[in-house]
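To start, the structure under review is shown below, and the notes come after it.
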Amino acid sequence: MDALIALRIKVENPPVGFGGGGGGGDGSGPAERLNHQDNGRKPGRVHMDAIQEVEMSSGANGANSEDERGRRNMAKSSKGREGKPDIEGFKPASLDILNHVKINIERETPISTLKGILTTSTSDLSFSKEELRKAEELITKAFVEFHKKLRVLKSYCFLNQLAFSKIMKKYDKVTKLVERVEATFIKHFANGNHRKGMDILRPKAKRKGIEDIMKNPGRALYMDNIFPLYSLFGFIVLHMLMYSANIYFWRRYRVNYTFIFGFKQGTALGYREVLLLSSALSVLTLGGVLSNLDMEMDERTKSFKALTELVPLGIVIVLLLIIFCPFNIIYRSSRFFFIQCAFHCICAPLYKVTLPDFFLADQLTSQVQAFRSLEFYVCYYVWGNFKTRSHKCPESKVFKDFYLVVAVIPYAFRLLQCFRRWVDEKDPSHVLNGLNSGIATIANTYWDIVIDWGLLRWNSKNPWLRDKLLVPSKSVYFIAMVLNVILRLAWMQTVMGIRDFPFMHRTALVAVVACLEIIRRGIWNFFRLENEHLNNVGKYRAFKSVPLPFNYDDNYASKHA
């Protein structure tokens, strides 16, 4: 509109000496020339002096309202002084805009179309009356269409409001009718019993009972094939969570676990780092489970049986790659320390047993079910038909034999460690501890509580505990001893074999009991290191003993003592 107004002024009353930027030879501005030309306009044509600026928002207040009132007062005072009223909200049209616009040319004939291909679609203004007429026609059409759109939009808003009001009236009528029907039915057919009447009027969908879920054929197929694959990661995550809890309480009660384990300074993981690793593994596992289910439900990937069944195997490969990654990422020093301790456990008789070594071996005895899950991985992906979720692992004699052998492997590590400690320390109690690993639950429980934890001292100043305690509440120790006995008994059932229960699948029950054993091991870890810490304090051990390069026999040592 600014361009159209300036074009009309230029065409009808061109200013004398008009030049660029709206300036003239007389030095007067565009607004002054516009007022001087009012008397020269043609009759019958309304001169468009300016454009009215309209604020669409009605919420202006505060400083904006004060400015607006100030402008109005100035406009009134200007009217009184000069005798010329200023239109509120108007601004004068500037001729300078003509130097920055071009006119759009519509190609109406074939010749003009060909010319338009060779030239640009816009051209400089010629300031002719024909050009002004075409511009006014186009602006008029634009105003008409814009006004039509606004009217349609207004009608649309009105129809929506009308429809919403009718819907609400209908809803009120239906709601009242429903209430009358319910009241009548409850009064005459339910003897005024509201719950009974509503149960008849609104019968609830019958939920599937536990027996129906148990009889679902897909449930057994999933529990026998997929659940054992993903349960491996659940055991690992739970053990990491228990270890992070151990670190937290060791720090809280000032147990020097970094010295006991022999961690290098600055490399020991805190409970936050262990929680981060366990959370990352749990998220990765959950992503695998969800992606597996999604690919089974999606029609596009439903036929890709091999891809869906290989998801848990892919997670195992990723986990192994991270553990053995040689690059200095993801806590390399801690990963290598773990690999070193695991290698010492495998080659137990060949290495001198340190506390981190047999501590890790104790952890492995609580992860028997994880070892069995690895055995199932080999059977399922090597000898089974994983594409159709069918295998005969439980029926294989080799699988059954290895099922027992795998459960014995962690205890064999501990047995070999105990024999090596017996040879090095000449302490026969280590032989008893090694034999207890596979003979008697009672002996194992006694060793945990009396030897590892240092409790059940009847002559102690803390009855049936020990003289020094780090935890202020004595009941914590008694509760831990009772839980250790109960959970160890439950764990032995998994080693010996668990039968099916009517309310739970055997695989799920084994997983639950395995989790209980991991929790028991986490409790054991705290009291085991607490006892080790108190022994170090009592014997004033604050530094690691360094072996000397020479070893003298007893006779020579006694002569030169």
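Cβ coordinates come from backbone N, Cα and C, glycine included.
Those TrEMBL annotations? Automatic predictions, nothing curated.
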Do you know which of 367-383, 503-519 TrEMBL annotates as transmembrane segment?
503-519
Distal contacts, the transmembrane segment (271-290) - CB-CB under 8 A, six or more residues away
230, 233-234, 236-237, 240-241, 243-245, 247-248, 251, 311-312, 314-315, 318-319, 331
Any contact between the transmembrane segment (475-491) and the transmembrane segment (310-331)? By contact I mean 3+ C-beta pairs closer than 8 Å, pairs at least 6 apart along the chain.
no
Hey, which bits of the same chain come close to the transmembrane segment (310-331), Cβ under 8 Å, at least six residues off its ends?
226, 229-230, 232-233, 269, 273, 277, 281, 284-285, 288, 291-292, 295, 338-339, 377, 381, 386
Near the transmembrane segment (229-250) in space but 6 or more residues beyond its ends, with Cβ under 8 Å, are 257, 269-272, 274-275, 277-278, 281-282, 284-285, 288-289, 312-313, 315-316, 319, 363, 366-367, 369-370, 373-374, 376-377, 380, 507, 511, 514-515, 518-519, 521-522, 525-526, 529-530
